[in-house]
Amino acid sequence: MIKQAIEKVVNHENLTFEESEAVLDEIMNGEAYEVQTASLLTALTAKNPTIDEIAGAAASMRSHALAFPETKDVLEIVGTGGDHANTFNISTTSAIVVAATGTQVAKHGNRAASSKSGAADVLEALGLDINETPAVSYESLQENNLAFLFAQEYHKSMKYVAPVRKQLGFRTIFNILGPLANPAHPTHQLLGVYDETLLEPLANVLKKLGVTNAMVVHGRDGLDEMTTADETAVVELQDDHLTKYTVTPEQFGLKRRQRADLVGGTPEANANITRRILAGDHGPQRDIVLLNAGAALHVAHPDLSIQAGIDLAAKTIDDGKAFEELNRLLAFSDKRKDVVA
C-alpha cells in the first residue's frame, strides 16, 4: 500500500480518507521501511496534506493507541506546539481551571518538543504522576474532572516514526496529528495552531473525527493559543457549521499585553506560575488563562458565551476552587502512588 501511496502523492494526487488510514496503519504496524516513511512524509509536506489525509492518519493513530475507557461529553484543550514562543503552560493551567468548574477535561500531551516545558513536564513538576494507567486516569476524570493522558505511553507505535521525523528535521503531518489523536476521543475541543492557514482545515478534520463543538485558534502574534498580545483568529465548529471570526482581548475587558509577559521557563518555573495563577495572583499570566479557559468553557457549554466563560473562570479562581482542584489532583495522585507502592 505504501508504495502506491507514495507514487500518488509524489504525482500530487490526494489520498482518500481510507487510503491515508491504511497507509498509516502500515507504518504504525512497523511494516514500512524507514525510507518509505520518509518518502511519504516528505511528499505529503511538499503537496500539503488534505482534510481526508489528515483525518485518515489521525484515525489510524487513534486506533493504534492504548485504549481509554469510553467517555461522554469530554473536553480537550491543546495546542499543536511549534510556535517557538516559550510561553508558560497556558493550556494546562487553563485545563485545571476549567476542571474546577465541574467540566470534564481529558488532557492529552507530551514532554516539550519546541519549548522548554510541555504539559507532561509541568504536571510532573507540580507533583502529579504522569504515567497513570488508563483505568486510573479515567478514575481521575470521574473524581476530579481532569485526566492526563501521556502521549508517549498511549502511542507506542510512534516508535516506528520517531527516528524518521528526527532525521528529516522539518515539520510533517505528524506535527498536527498529536492534538487530533487523543485516546479519550473528546467531543469538544479548543485547539490552538501554529499557522493561521491550518484553522479551517483542522476544524473540518475535527468534524470528520466526530467532534461536535470546537474552536480552532491562532494568535496573530504567533501563539498556538488565544492571545492577549494581539488579535486571535478563530474558526468555530458548532452544529456541523463553521464560523470564522476574530477576537481581541479588549472586547472581553482584558488588557492587551506584551508577548514577553507570557514567557515561561523551566518546568519548575512554569509550575510556580501555574500555582500562583490558581492561587489568585493577578496580571498578564492570569489574563491569558482566563481568555483560554473562557473559550474552552464556551466550547464545552455552547450556551455559555466566551465572556460568560471568562467570568466563570475568574470566579472559580477567586473563590479558591481552582487551587482546590490542584490539591485534589495531587492528593489523588499521591493516593494512587501509595496503592502501587
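Using the three backbone atoms N, Cα and C, a Cβ is placed for every residue, glycine included.
From a predicted model like this one, the values you see are computed outputs, not experimental measurements.
Taken from Swiss-Prot, the feature 5-phospho-alpha-D-ribose 1-diphosphate binding site covers Gly79, 82-83, Thr87, 89-92, 107-115, Ala119. DSSP gives His108 (5-phospho-alpha-D-ribose 1-diphosphate binding site) a strand state. Its own atom aside, the Cβ of His108 (5-phospho-alpha-D-ribose 1-diphosphate binding site) has 25 Cβ atoms within 10 angstroms in the protein chains shown.
According to Swiss-Prot, the anthranilate 1 binding site annotation covers Gly79, Asn110. For Gly79 (5-phospho-alpha-D-ribose 1-diphosphate binding site), applying a Cβ distance below 8 Å and a minimum sequence separation of six or more within one chain yields Ser91, Pro179, Leu191, Gly192, Val193, Tyr194, Asp224, Glu225.
Secondary structure at Glu225 (Mg(2+) 1 binding site), taken from DSSP and collapsed to helix, strand or coil, is coil. The Mg(2+) 1 binding site annotation in Swiss-Prot covers Ser91, Glu225.
According to Swiss-Prot, the anthranilate 2 binding site annotation covers Arg165, on the basis of sequence analysis. In this structure, Arg165 (anthranilate 2 binding site) is part of a helix by DSSP. On its own chain, Arg165 (anthranilate 2 binding site) has Leu41, Thr172, Phe174 as residues at least 6 apart in sequence with a Cβ closer than 8 Å to its own Cβ.
The Mg(2+) 2 binding site annotation in Swiss-Prot covers Asp224, Glu225, and the record cites sequence analysis as its basis.
Non-local contacts of Asn110 (anthranilate 1 binding site) by the CB criterion (under 8 A, 6+ apart in sequence, same chain) comprise Gly118, Ala119, Ala120, Phe150, Ala151, Gln152, Gly178. DSSP assigns Thr87 (5-phospho-alpha-D-ribose 1-diphosphate binding site) to a strand in the three-state reduction.
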